[in-house]
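Per TrEMBL, the features are as follows:
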type     : residues      : note
BINDING  : 227, 231, 234 : [4Fe-4S] cluster 2 binding site
COMPBIAS : 28-38         : compositional bias 'Polar residues'
DOMAIN   : 72-190        : domain 'MTTase N-terminal'
DOMAIN   : 213-443       : domain 'Radical SAM core'
DOMAIN   : 446-509       : domain 'TRAM'
REGION   : 1-45          : region 'Disordered'
Ligand code: SAH
Ligand code: SF4
Ligand code: F3S
């Protein structure tokens, strides 16, 4: 099918109203396209079976795709969380291995991939805006490949909308089949048809995909994929499949490799890292055991994200309390301070459990810094329940918090609840919450005034190129004047001025420790 035929067929589809599409989400659109068409299915993605997870170590670029990118450039835009960033590093790695070069300039690109996020409606709107923006570029340069991947691709409503309204998109793939990119790209390049392949399975683990890491100081190491928590508001368990842990030996080898390559700060990644190991059928092994091993590796800082309070066990706290390269920063999303709201969210802990856990951590690690995530305006949230969140914030004295207005996600249980808190009220609550977060952050930063802290120098400040920036072990941003030679080293800095969101300081030790 050539471009014109494709446009005509999609035009025919545009005749359907959006209401038809809604009632017709499982419709097989493959009749419109000749290529193999695997659509997503959120209901299928929800299933959790007992079958073993396959761990595949045999990623390879097919022979006929090797070198195909010579002289061509790619651009990846990443919209989501660290996991999404991590996927972009894999995608970039694959494209580089195929001979493509990376570019930051859209006009120079032969492939533009949007690695999307489905967590809130505004994340999705941004992507649809960008898909629209790319249309003139595609019309001017029909050879350009426009691809959509990431979490939005896992939603059938999104794929249907792209099929109907954005025929200039060439390729849609999901979070479970990134390793199929070479083949999918081949189809997209040579057949000129929209290629859609999204797997709604529980997921495998692909071990040896190439990786083009973004930085040389900080690195991400995925320790597990997926999520089985099914918090009622959240789309992630549907877009990322079931919880599945990488083998400890694979994780440890990757951390060792990063240590040998000079990385200084490692973040272990997962949607719910505290569930690490639960699915490893042949061993009793958890995050605490993994951290105990990683503690022995010569890398100055190790952190992890994200923790679910429910699976945070005593062994992990014991290991973290040993210090060394285990930093004193715990991101522990609470979502709400009201037990009634927590119950509706199916977080499966109470405010009291959460505080008890946090106190246990604080006793074991006295200078630990806590950060959190909060959702305001969940269905039925009353003013009083929101005030419970404010009081929990004060009780916990967080260093900072990511705060969000609740956004209904199609296919989740909460989306069936009446979204009955008016938008003005949601916005007003968010403002009050943010004011409190700012106040706490400023007060906590003030405690650093005059103190000498260890800073990992990350680079030149984005705001002022005469100034360097780095972070404390507790993840506080510090700006100071220094020499570029210290980038990538640990130095001692005296805090001279504490601001709301950052600290200014002076270097007290000029030679960094490598
Ligand atoms: N796995 C992580 C969260 C990933 S999503 C965890 O459980 O901590 C990051 C944050 O986005 C969540 O903690 C939550 O605060 C927010 N979030 C998730 N779904 C949302 C929704 N439907 N509306 C608003 N915020 C949401
Ligand atoms: Fe979403 Fe809850 Fe899983 Fe986090 S733990 S990814 S909020 S379902
Ligand atoms: Fe977004 Fe998917 Fe991450 S929905 S937050 S990119 S797991």
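Backbone N, Cα and C define each Cβ position, glycine as well.
Here the domain 'MTTase N-terminal' (72-190) is broken down by DSSP into helix, strand and coil counts: 66 helix, 23 strand, 30 coil.
When pLDDT is averaged over the domain 'MTTase N-terminal' (72-190), the result is 96. With DSSP classes pooled into helix, strand and coil, the tally for the domain 'TRAM' (446-509) is 4 helix, 32 strand, 28 coil. Within 8 Å of the Cβ centroid of the [4Fe-4S] cluster 2 site, not counting the listed residues 227, 231, 234, the chain contributes 229, 230, 233, 235, 236, 237, 271, 272. In three-state terms derived from DSSP, residue 227 ([4Fe-4S] cluster 2 binding site) belongs to neither a helical nor a strand segment and is classed as coil. Other C-beta atoms found within 10 angstroms of the C-beta of residue 234 ([4Fe-4S] cluster 2 binding site) number 22, with every protein chain shown included.
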